[in-house]
Amino acid sequence: MENSAYEIIKKFISFFKANNHFEIKNSSIVPNNDPTLLFINSGMAAIKSYFTAEKTPEHGCLCNVQNCIRTIDIDDVGDNYHLTSFQMLGNWSIGDSYFKKGAIKLAFRFLTECLNIDIDKLYVSVFAGDKNLGIDFDEESKENWISAGIAKSHIVVCGLEDNFWGPTSKTGPCGPCTEVFYDTGKGEEYKHGGFFDTKRYVEIWNAGVFMMFNKNEIGEFVPLAFRSVDAGAGLERLAMVLQNCDSVYETDLLKPIRNFLENKIKSANNELNSQFERYIRILTDHLRTISLILSENVKPSNEGRGYIPRKLIRKCMMILKNLDSNSGYLCGSIEFILNSFSNIYPRFKSNKGFILKEFSNEIKKFESILDDGFKRLSEFKSKNIKEISGDLAFDLVSTFGVPFDLIKSYAVQNNIKISEEEFNIRLEHHKNISKKENVEKNSDVNSLEISFEEKINSTEFLGYDKLEIESEVIKMFLLDGTQVEKISENKEVILIFNRTPVYAKSGGQESDFAVATSNNVKIEIKDCFKKNINGKEFFLHKCEIMSGSVKKGDVLKIKVNFVRRTKLSRAHSAAHLLHNALKNVLGKEVQQQGSSISEDRFRFDFNCDSLDMAGLQEIEKLVNKKICKNMICSTEVISRDKSLKSGANALFEEKYGDYVRVVSFDDFSVELCGGTHVKSTSEICSFAIISSENIGKGLKRVNAYVGEKAFEYFQEKISTLHDACKMLNSNFNDFLTTLDRKINIKINKKKFDINKEDLTLAKCKMPLYYADVGAFSISSQKVLKLTEKLKAIVAIIFGENSKNIVFAIDPSLNLKANSILNEVLKKHSGNGGGNSKCAYGNFPNLSAKEIIKEIINNL
């Protein structure tokens, strides 16, 4: 079709590549090394490091089409425009390749020449300026729009809130922006001051965020020597305009999904809900977003990124329930989306199996909860209940797992009052109690009071030699300690088996993870701990019943998670090597005081008065040397007395029985230990100390990585050093010298308080004072005050290489600072801006003396 989304993308990329832009690939919606974001939410977010100068792009002009997720819009979806996922067409100039004139020209040409949008339909907004901040009206953007062909009556002047971007924190890069709107012709026509009061005008392009200032710590907006442009357009809104649609849901990006859902639901229902249109739009948006998130291997869960697909899937299921439709339609809809849009979203095809599997699993998990919830809510209607109190709503949520959104939706549809405020008070109270209980119990179910009278043999642990066995369930408990005989899916439970391969949390090492299965049963073992009951030791497995039901006496196949066991074993063996390396370097008096062993990482506490960086490096080197030596791990069970006489390291002596297990790595490390270990030290692969700290008088703590985690850590440090060398224009050999010089410059780079005594009076027909202050930063307000005091022209050269200038003229001289400076800038390939009172610029090819000479020649 003409102006299809696919055609718009092709035109956009072709246009900007023809105009010297380099196309970069669409980044994953999961941010890379950015903990501040759940998902990529704008085109710029994926290349933020270029704008902060942390990285340097291969080209100064870039373009791409970026998938984005915006979770803050979840509750607004259902109107004509809001979406949780969208595609952003983006073009950027990083470092003065072009600025306002270039950005506006490119935007105008693409919209009018490539997309053939009628000029009379376009309106633009420009920044009004802010006197309090000392920032002038964006006259330059206005004039460039007029030059491009936009009528003056179609230029709307807007304030700080609408047309000034950033900074994202208290200080940093920022600047004005200019946006393009399309007149749909539907609704009230724009009148001065009311542009944003009508939905007639739809924003289709942010023609440029012009990052030209740096807001400093005292609130001044100082001109940036490094300026950039961030421009972009939402593909869905642009398609809506070009395809003459009233909403984004009528475009070819979303209409096929909408039609598929509408046909399915209409064919199954004669009486449709009054909110049918809104529900269909929500389903359309959410199902596409779910597909996009799952395509990046994000699994639904209760926290982090995984919470978003879980929330959206359950919201879709509740909508279908409200429409009296089957959740089975959702799986068919997801498959339809994957098949229909793989040309735009390639991972829909390559990761189709994972997407369908995770989506289907999530549907199954929530179906029984949803069905039970609706049955309970239906009782209110049959009993003619007119109000659901906050207490009753809370009981439904906490006791029966009915989602509050479902209760609220059901109440609205059936004219039942509900006290949401009272519910929130109960919920908050419950959260506070839970937090307190978690602190008191240290979040450890090991504190549960579990007991029984029967004489049962201790759990037999077989996990040193076997990771998969069959075992019988001999006891079952709820998490509150109540003993049960049978339990079904979606419940958490404590299971005791007669034997187990699962390592229980002890000796600082975390427990294994595992799965237990039979014909129709799947159980995930998420934790395991030991407990002494009636003088015997039992392994208590904390489990979640994923499917089926389990009862006392069932025989299940238990399989330990091999990857987790391997990572835990590597870390535990490395901790043994570290302990003995500490003794070798710091002295035999060093003793372990505690440890925590996790996957490919651990912390180790020990007694020590002082430990410097040289000592840490020597210890790290010794551990890695022993890893490379490929020492074999040997274990034996001997009497406690014999082990102590042999010199084996014994920790927490009172906890050992008459016979102990001794773990040895040649004669370098011999310790009493019940944990799991590698067969030889080469399996550890690598060891890295990432930090050390004081934790008390005479006590130190070392945090370390092993295995792949250690490799990644070393690579990250090397990469950081490479980047640092690149930023300093240095090599490895000269890095420290160069860094020292840069630091000294930075220390001296404070606010320079310019006075008349610091200035030189130039020999020319006009009163002109000038100074070169080098690496110091400049206050434009201070320069303006000097011009008023001296009734003269003041030119201040600044910057590490003296390439920047602030140029101000007293109004009594009847000269325009921007006009004079612009003439010199054009002549010498410089960049700048400003107004008649004060202008600024950058001269890459002139020295400070040459800059002043050129200005004098233009007076």
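Including glycine, each Cβ sits where the backbone N, Cα and C put it.
The following features are taken from TrEMBL:
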- 3-716: domain 'Alanyl-transfer RNA synthetases family profile' (DOMAIN)
- His572, His576, Cys673, His677: Zn(2+) binding site (BINDING)
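Long-range C-beta contacts of His677 (Zn(2+) binding site), restricted to its own chain and to partners at least six residues apart, with a cutoff below 8 Å, comprise Ser569, His572, Ser573, His576, Cys633, Thr635, Val663.
One way to see the shell of the Zn(2+) site is to take the Cβ centroid of His572, His576, Cys673, His677; the remaining same-chain residues with a Cβ within 8 Å of it are Ser569, Ser573, Ala575, Cys633, Val663, Glu671, Gly675, Thr676.
Counting only same-chain residues at least 6 apart in sequence, those with a Cβ under 8 Å from the Cβ of Cys673 (Zn(2+) binding site) are Gly507, His572, His576, Arg661, Val662, Val663. In this view, His572 (Zn(2+) binding site) is surrounded by 26 other Cβ atoms within 10 Å of its Cβ, with every protein chain counted. In the predicted model, residues of the domain 'Alanyl-transfer RNA synthetases family profile' (3-716) average a pLDDT of 87.
The number of other CB atoms found within 10 A of the CB of His576 (Zn(2+) binding site), across every protein chain shown, is 27.
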